[in-house]
Amino acid sequence: MDNITWMASHTGWSDFILMGLFRQSKHPMANITWMANHTGWSDFILLGLFRQSKHPALLCVVIFVVFLMALSGNAVLILLIHCDAHLHTPMYFFISQLSLMDMAYISVTVPKMLLDQVMGVNKISAPECGMQMFFYVTLAGSEFFLLATMAYDRYVAICHPLRYPVLMNHRVCLFLSSGCWFLGSVDGFTFTPITMTFPFRGSREIHHFFCEVPAVLNLSCSDTSLYEIFMYLCCVLMLLIPVVIISSSYLLILLTIHGMNSAEGRKKAFATCSSHLTVVILFYGAAIYTYMLPSSYHTPEKDMMVSVFYTILTPVVNPLIYSLRNKDVMGALKKMLTVEPAFQKAME
């Protein structure tokens, strides 16, 4: 009875019940591998960013400040788009979706990393690692397709302005946005289960600050070459489709802008497109390095730096790009800041 109590308290009731089921299985070795991968007996160890830093406390504070800036910047952008009627257009609807993804994206990795540093813990259980991997891959995939959708929206707005309200009505926007989230979740449901079912080495030290797919795969003690080829092909497809949409959209946009008579119209179109292209280059460039370059180009240190760039810095930069260079957003922000004191004065 004491053994039962100990097992229940140290593995969790779900794992304890699964152990009972495994005793009746015909494949004991497979069960041992599954238990080692999925219970708390052998947690992963995240070596993280702070291990090699000369000033880990300062780095922790900087990342925390950046995290707060990302959350507040994207939250303010979503609030402005929701509250200002002039921003109730398809373009700003997709920008609000991008901000929502960025808030979730940075929240998947940074809070766990900071909490571990403060608590002096660097372990993560296999289920937690799998959940982190799933949400990370899902959000990254969703953002790939959302950036392509935003490029298509700009193409319709600039090249077919008269048909724009019909082609990009509210129902179409909801459908496209839902499709981006769905396709991203397909990536998560595809890569996460396969990656987490590989048998891992005894050390289980992940040379990263979160459970990124390539970093976890490096721990596998079995041949992953076939899966890596499959993952590479999926990434090529996942990147190729949005890149084709973005490239063709902006090619047609440039041709349309070239034929415009109004200098003001050309300037506004260039400003809108350049903001989006900046975000595309930042996000896609980092993704291509991580998932498409050969392993000879990779080192744990380089991978972590690139991951810091597109998991921590990009969510901070995006709202700045779409707000500071956008007169409509800045106008809505000024209106909100001026209305608030006037409202308080009227209440007094």
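Even glycines carry a Cβ here, placed using N, Cα and C.
Topology check against Swiss-Prot: Ser262 and Met292 fall in different compartments relative to the membrane. Distance noted between the C-alpha atoms of Asn218 (N-linked glycosylation site) and Cys129 (disulfide bond) is 14 Å. A contact between the transmembrane segment (228-251) and the transmembrane segment (133-152) is present, since 3 or more of their C-beta pairs, 6 or more residues apart, lie under 8 Å. Here the transmembrane segment (90-111) has Cβ contacts under 8 Å with residues 63, 67, 70-71, 74-75, 77-78, 81-82, 132, 135-136, 139-140, 142-143, 146-147, 149-150, 153-154, 157, 164, 168, 173, 176-177, 180, 209-210, 272, 279, 311-312, 314-315, 318-319, 322, 328-329 of the same chain, all six or more residues outside its ends. Beyond the ends of the transmembrane segment (269-291), by six or more residues, the same chain brings 91, 98, 140, 143-144, 147, 150-151, 154, 158, 212, 214, 231-232, 235, 239, 242-243, 246, 250, 253, 256-257, 260, 297, 303, 306-307, 309-310, 314, 317-318, 321-322, 325-326 to within a C-beta distance below 8 angstroms of the stretch.
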